[in-house]
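What Swiss-Prot records for this protein:
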type	residues	note
ACT_SITE	S234	active site, charge relay system
ACT_SITE	D341	active site, charge relay system
ACT_SITE	H390	active site, charge relay system
COMPBIAS	26-39	compositional bias 'Low complexity'
CARBOHYD	N397	N-linked glycosylation site
REGION	24-80	region 'Disordered'
SIGNAL	1-18	signal peptide
Amino acid sequence: MNIFCHALFLLLLGVVSCQNNNRNVKPGGKPAKKPNNPAIEATQHGPEADPNSGLAGAGDSSKETNPGGRGSSQQSASVNKPADDMKLHFLKNTAVTCNDGTAAGFYLKEFKGSKRWLIFLEGGWCCYSKETCDSRYKTIPRLMGSTDWPQTRRGSGLLSAQVDENPHWYNANIVFVPYCSSDVWSGNKAASKPKQGKETEYAFMGSQIIREVIKDLVPKGLKQAKVVMLAGTSAGGTGVLLNIDKVSSLLEQQGAEAQVRGLVDSGWFLESKQQKVPDCPDSASCTPADAIKKGLRLWNGVVPEKCKQQYKRGEDWHCFFGHKLYSYISAPLFVVQWLFDEEQLRVENIYMGSQSLSEQQWTYMQNLGKELKNSLKDVTAVFAPSCLSHTLITKSNWTDFQIKGTSLSRALQCWDRSFQEANKNSKTALKGCPFHLIDNCQWPQCNPTCPALIDQATQQEMTLLQVLASMGLDLQKLGLDVRGDISAGMVSNGG
């Protein structure tokens, strides 16, 4: 697998930054095989993980301590509060597995007395053929099996147990579901034969994993819940779109009376405007639509029935795109989406800071922001800043980002209050408490709270104009003021 493809896989992870402070264990409680790296870390892979990229969003990776290595156990015990950690539980139904046949599971941090549950689906793109799955298994095995999962994890952002980092949801029961099915949480296919030697017959059971997680949580208090939030980033966000109504129905069947809501972060993609290699032999050359078309057959993927009925046989891949699926979803949804999502740009071969940028690509970037904005206008609850980044809710500084003076944390709280005072489909915001927030300004980074752009070579912050100039754009020809900071003018435009 070439380095570009490997880097793309890492960029699409969208995983949570966590700390693990116990030894790895297998489902039976026996020590797992030792990984090549003795200090396994679950980190958020943002643009800074890409060797081909010269820019990163500041704050894309949360700071974390590394408990691995000799003599670190006592130190980590004093630094970390065990009560804040999520503990690993493997599924009771052992027939529902990860890609490689190892046990699937979830991490849980209970908050005694709480009737609110936050269930988070991890992201990580997908594989859609024997070749792409073999490459994925070789380079990122933890996204296809549970052998090296840590016994505990610590959440960040909306998954944090710290009130200052997570003021509205710190006191909820928090569940983190690791992504190990590579099927955008849609698969319904068991392996046809057991693993033989080095040859692996992959299972794709993402949809079933979610079902079994819900079943296993019912006796742990989920049945008594008043509010259940199914959240996810990137591929996990798309997984929320695909599974939210099924989760609601399953809980109803289990006798629960909870209101089920969905939170979709960076999982609202648009179809590519530029057709790439038709056969798309690897992830680097495959658009989301092409990957989903191929993957659906491999995964025996399941999409919401109401949406599926709108398309001809073999065309149900359309239901993976939020702007086409949204109107067929019954459960309330809150969509979080950067208007200039880095992964959406990468689909179009636009890599900020790592290559030249043509005038056509610059124009396309601006049009992308407009198209995304237009696709979100009828979404009841939305937070869409005009920034260059990918994923938001698991960043440790997630409360810093604002639109028109309102943070995402505040918008979520306003959305929560709206259920107590209004119909779920009402667009009437509570006075001074909005939850439909889309930046008005048209340019990338025109919101003053956007994550900073960092030059990876110098680690210095750069303005958007500096980035564009470094990529070869003639700013004067485009009518951009090279002498001043244009952000002030853009912000006054309503951002």
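Just so it is clear, glycine is given a Cβ too, placed from its N, Cα and C backbone atoms.
Overlay of Swiss-Prot feature records on the structure.
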{"residue": "S234", "record": "active site, charge relay system", "DSSP (3 states)": "coil"}
{"residue": "D341", "record": "active site, charge relay system", "DSSP (3 states)": "strand"}
{"residue": "H390", "record": "active site, charge relay system", "DSSP (3 states)": "coil"}
{"residue": "N397", "record": "N-linked glycosylation site", "DSSP (3 states)": "coil"}
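Figure note: comparing Cβ neighbours within 10 Å for the recorded positions S234, D341, N397, the maximum is reached by S234. Listed in sequence order, the recorded positions from S234, D341, N397 having a Cα within 10 Å of the Cα of H390 (active site, charge relay system) are S234, D341. Comparing D341 (active site, charge relay system) with the residue listed as 'N-linked glycosylation site', their Cα atoms are 18 Å apart once rounded. Calculated from their C-alpha atoms, the gap between N397 (N-linked glycosylation site) and S234 (active site, charge relay system) amounts to 18 Å.
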